[in-house]
Amino acid sequence: MATATVRPAAQRLRLLLSPLKSRICVPQAEPVATFGTAVTSAKVAVNGVHLHYQRVGEGEHAILLLPGMLGSGKTDFAPQLQSLNKKRFTLVAWDPRGYGYSRPPDRDFPRDFFERDAKDAVDLMKALQFKQVSLLGWSDGGITALIAAAKYPSYIRKMVIWGANAYVTEEDSRIYQGIRDVSKWSEKARKPLEALYGYDYLAKTCEDWVDGISQFKQLPEGNICRHLLPLVQCPTLIVHGEKDPLVPRFHADFLLQHVKGSRLHLMPEGKHNLHLRFADEFNRLVEDFLQ
């Protein structure tokens, strides 16, 4: 029984992290240049920390890209930074505090860490003098996007989310526990993130993330942000990969039911990393929705 339980978790882990192994690299500080077709990077002081971001494009429509667990703008959104329309959009891909290049501080996971990320994200974009923004949120970044849209409705124009969930189930908890020990990950899954963070930081942060996300299971109905969904006012596109082994379809259906006026787009061959595996299709979908 133990073997049967561990194997699916390991498979899910590989599916989660495998898209990063060919794209992830250690972020390098890049010179700030004229915003346009060249991706630039910088840091800005927000809420007592220095948040790192990448920026590209010169369009009127500002878009913030929000990465997933242990992710960063550079590792999670390369195809979007490269290929989304630079004349129509200005793209900003951020590293949440404690992730990527937004260190120090080390990442921690108090119960309100998603709310903290949402405030950081909005305040970052305000510090960059954007009057209003749209959100692209993957996985944990999708949860952060939902909270930001609910709490700052006048600031968010539109939102695209995928791989997100508003609550935690027993099934989710089993998946989380299966990835706690990074020494049990495959080398292909571990090495790229180890190059980004170093082994000790990666191992500790992964354990802390599992504890942080698992604490929601102790709340009524496993609540992360389900109580905030009725407050979302912006047009919302939910994208779900029908072969996603990490986030079951019922999470997308729940969001569709509780986010007023939202739309659900299913990708039959999509998995958790659908925006990387099917980048061209995903980018077209995003551009059509945000126009």
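Glycine too: its Cβ is placed from the backbone N, Cα and C atoms.
Of all the Cβ atoms in the protein chains shown, 24 others lie within 10 Å of the Cβ of Ser139 (active site, nucleophile). What Swiss-Prot lists as active site, nucleophile is Ser139, and the listing cites similarity to another entry.
For Glu221, the entry in Swiss-Prot reads Mg(2+) binding site. Just so you know, the Cβ of Glu221 (Mg(2+) binding site) picks up 13 other Cβ atoms within 10 Å once every protein chain is counted.
The annotation domain 'AB hydrolase-1' is assigned in Swiss-Prot to 62-173.
Marked as N6-succinyllysine by Swiss-Prot: Lys74 (among others). For Lys74 (N6-succinyllysine), the count of additional Cβ atoms within 10 Å of its Cβ stands at 26 [all protein chains shown].
The DSSP secondary structure for Lys74 (N6-succinyllysine) is helix. Swiss-Prot lists Lys74 (among others) with the feature N6-acetyllysine, giving a large-scale study or a structure entry as the kind of evidence.
Annotated N6-acetyllysine per Swiss-Prot: Lys86 (among others), in sequence order, evidence recorded as a large-scale study or a structure entry. Lys86 (N6-acetyllysine) is surrounded by 19 other CB atoms, counting those within 10 A of its CB over all protein chains shown.
When Cβ atoms from all protein chains are considered, those within 10 Å of Lys119 (N6-acetyllysine) total 18, not counting its own. According to Swiss-Prot, the feature N6-acetyllysine maps to Lys119 (among others).
The Cβ of Lys126 (N6-acetyllysine) has 14 neighbouring Cβ atoms from other residues within 10 Å, across all protein chains displayed. Annotation comment: Swiss-Prot describes Lys126 (among others) as N6-acetyllysine, evidence class a large-scale study or a structure entry.
DSSP assigns Lys126 (N6-acetyllysine) to a helix in the three-state reduction. Annotation comment: Swiss-Prot describes Lys126 (among others) as N6-succinyllysine.
Marked as N6-succinyllysine by Swiss-Prot: Lys191 (among others). Around the Cβ of Lys191 (N6-succinyllysine), 15 further Cβ atoms fall within 10 Å across all displayed protein chains.
If you look up Swiss-Prot, you'll see Lys191 (among others) marked as N6-acetyllysine, on the strength of a large-scale study or a structure entry. In this structure, Lys191 (N6-succinyllysine) is part of a helix by DSSP.
The N6-acetyllysine annotation in Swiss-Prot covers Lys243 (among others) and rests on a large-scale study or a structure entry. For Lys243 (N6-acetyllysine), the same-chain residues 6+ apart in sequence whose C-beta sits under 8 angstroms from its C-beta are Pro268, Glu269, Gly270, Lys271.
Marked as N6-succinyllysine by Swiss-Prot on the basis of a large-scale study or a structure entry: Lys260 (among others). Counting Cβ atoms from all protein chains shown, Lys260 (N6-succinyllysine) has 12 others lying within 10 Å of its own Cβ.
When other Cβ atoms within 10 Å of the Cβ of Lys271 (N6-succinyllysine) are tallied across all protein chains shown, the result is 22. Taken residue by residue with DSSP, Lys271 (N6-succinyllysine) is part of neither helix nor strand, so it is coil. Taken from Swiss-Prot, the feature N6-succinyllysine applies to Lys271 (among others).
Sequence annotations record features per position, and here Swiss-Prot assigns N6-acetyllysine to Lys271 (among others).
If you look up Swiss-Prot, you'll see 1-37 marked as signal peptide.
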- Message: On a C-alpha basis, identify the one among Lys119, Lys191, Lys260 that is nearest to Ser139 (active site, nucleophile); the candidates are the modified residues.
- Response: Lys119
- Message: Quick check: of the recorded positions listed here (Lys74, Lys126, Asp140, Lys260), which one has the Cα closest to that of Lys86 (N6-acetyllysine)?
- Response: Lys74
